[in-house]
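Report on the following structure.
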Amino acid sequence: MSTETIFSKIIRHEMTADIVYQDILVTAFRDISPCAPTHILIVPNILIPTLNNVYPSHEALLGRMITTAVKIAKDEGIAEDGYRLVFNCNKNGGQEISHIHLHLLGGMPLGPI
Ligand code: AMP
């Protein structure tokens, strides 16, 4: 059984966060410790612990995460200059919160990966 994280509480508005977008599938909020002028996390409203738990039935949801990131990038005014989308997976990938999240980073040159 998967264990909920603070992200589930943010999705349910039980914990304060700077939510910039929410719909029936996804929630997006500003990272509490930003690595760039724009650093927003896009998360599915259902708990999927890691990318290793993503299945074909999630494909529409994963697509919504990306289209949401693009919409927010445009809203934030960073789309034209460019941005980076990142998923971390497990220990070696640097994943700290076991609820998949797409990092939207931009607002400055990010350099090579
Ligand atoms: P990751 O290392 O990929 O698991 O990323 C987790 C991200 O969640 C980090 O960038 C944290 O700064 C961010 N984070 C942790 N707690 C919160 C919170 N309460 N609100 C917003 N972002 C958070």
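Keep in mind that glycine also has a Cβ here, set from the backbone N, Cα and C atoms.
Positions annotated as domain 'HIT' by TrEMBL: 6-113. On the 0 to 100 pLDDT scale, the domain 'HIT' (6-113) averages 98 in this prediction.
Per TrEMBL, motif 'Histidine triad motif' is recorded for 99-103.
TrEMBL lists HIS101 with the feature active site, tele-AMP-histidine intermediate. In the three-state DSSP scheme, HIS101 (active site, tele-AMP-histidine intermediate) is classed as coil. Neighbour list (HIS101 (active site, tele-AMP-histidine intermediate), Cβ cut-off 8 Å, at least 6 residues apart, same chain): PHE7, LEU41, ILE42, VAL43, PHE87.
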